[in-house]
Amino acid sequence: MESKLRVGIAGPVGSGKTAIIQRLCENLKDRLEIAVVTNDIYTQEDAKFLTNSKALAPERIKGVETGGCPHTAIREDCSINRIAVEELEHKFTTLDLVFVESGGDNLAASFSPELVDVCIYIIDVAAGDKIPRKGGPGITRSDLLVINKIDLAEMVGASLKIMERDTLLMRKNLPWCFTNTKTGEGIKIIEGFLCNQIPSVHKMV
């Protein structure tokens with residue numbers, strides 16, 4: 001098995017994908033060799049955000065402009081992303097982890113197995129507590145489901161208990177977690193999930 005792990009990060013617009021990647025990079029970059037590919041339709045805003053936040057060195061972040069449906073670029077024709085990932089892997093030969101962040105998409109989004117090894121799907125509480133029971137591949141089949149922005153639950157009238165109940169029903173025994181990127185709550189759970197997936201796990205503490 002190769003030493004690097006390709007991790008797809010998907011979810012609707014505004015769910016907090018980039019913020020979670022930022023947190024993970026900041027927490028893990030001293031222990032793991034990391035790179036990121038971001039997807040936007042017409043800009044490279046997510047790549048710029050990660051660069052400006054100093055989550056990683058600029059040369060480890062590559063922005064891809066898909067120019068169309070974000071789902072197509074990660075599933076039906078993922079060549080533009082595959083090339084970007086391979087360029088980073090060629091440039092940094094000791095990579096442990098490559099994040100591929102999709103453009104904001106709907107609940108039907110999923111990554112091609114040719115592009116990533118595992119998929120983390122992110123939804124947020126602000127979209128309402130009905131989201132988990134709506135289903136879709138991201139909810140039911142992702143390797144890890146993240147329910148982000150739990151700090152907004154009271155503000156938007158969402159019940160975390162309902163979201164937990166429906167998530168357990170939809171995902172059976174598949175892992176999931178609540179997160180708050182402002183406080184860092186739940187981020188360690190994602191790190192632990194990655195720890196169990198990365199061959200170079202000895203670098204984790």
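Heads up, the Cβ atoms here are built off N, Cα and C, so glycines get one too.
Swiss-Prot has this to say about the protein:
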type: BINDING; residues: Gly11, Pro12, Val13, Gly14, Ser15, Gly16, Lys17, Thr18; note: GTP binding site
Could you check the binding-site residues Gly11, Pro12, Gly14, Gly16 and say which one's CB has the fewest neighbouring CB atoms inside 10 Å? Gly14
If you count other CB atoms within 10 A of each CB, which of Val13, Thr18 wins among these binding-site residues? Thr18
Cβ density check for Lys17 (GTP binding site), other Cβ within 10 Å (all protein chains) comes to 27
Can you check what DSSP calls Ser15 (GTP binding site), collapsed to helix, strand or coil? coil
